[in-house]
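For reference, the structure discussed in these notes is given below.
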Amino acid sequence: LFFAGRKGGHKGRARQYTSPEEIDAQLQAEKQKAREEEEQEEGGEGATGDPKKEKKSLDSDESDEDDEDYQQKRKGVEGLIDIENPNRVIQTTKKVTQLDLDGPKELSRREREEIEKQKAKERYMKMHLAGKTEQAKADLARLAIIRKQREEAARKKEEERKAKDEAAMAGKRLQSLSLNK
């Protein structure tokens, strides 16, 4: 849609798409240039020299493509200057057979701290159950005091029950004595 007073952006105007055939033709031209440069570097001998080399280079376009896949295209000044950056990680692909799954796995700081915290908690619980921690000692002292209080309360109840039984027995004896008269 076109809105009055507004013009479209500049981004959509000059888009040109390259067909796959053109891309293939460009790649073939680049390969050809590379071959010619290699032959010139060898010093004219490669152009007129070994027919086996010429036959190999003409017959095996696939090997050239494989070689290009392994060589990364360098952008800008990278091709001119070799840079040794120790922080740059070169990613290498590993096969499944090369993976070391049984080896020691590096843990992150959080994972290590979590494992240490769990181990410390387990150690504390063992000490606590053995009665060696201060909290366990305080709990045991509290339990001892409560047991003594309950024993005293049970003893008092027993004495009161015995006193009631004796009073009831004494009352029954008086009744039986008074009836016998």
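Just so it is clear, glycine is given a Cβ too, placed from its N, Cα and C backbone atoms.
Whatever TrEMBL says is automated annotation, not expert-curated.
As recorded in TrEMBL, the features of this protein are as follows:
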type	residues	note
COMPBIAS	50-59	compositional bias 'Basic and acidic residues'
COMPBIAS	60-69	compositional bias 'Acidic residues'
COMPBIAS	102-117	compositional bias 'Basic and acidic residues'
COMPBIAS	151-167	compositional bias 'Basic and acidic residues'
DOMAIN	85-162	domain 'Casein kinase substrate phosphoprotein PP28'
REGION	1-117	region 'Disordered'
REGION	151-181	region 'Disordered'
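Same-chain residues lying 6 or more positions outside the compositional bias 'Basic and acidic residues' (102-117) and placing a CB less than 8 Å from one of its CB atoms do not occur. Per DSSP, the region 'Disordered' (151-181) is made up of 30 helix, 0 strand, 1 coil.
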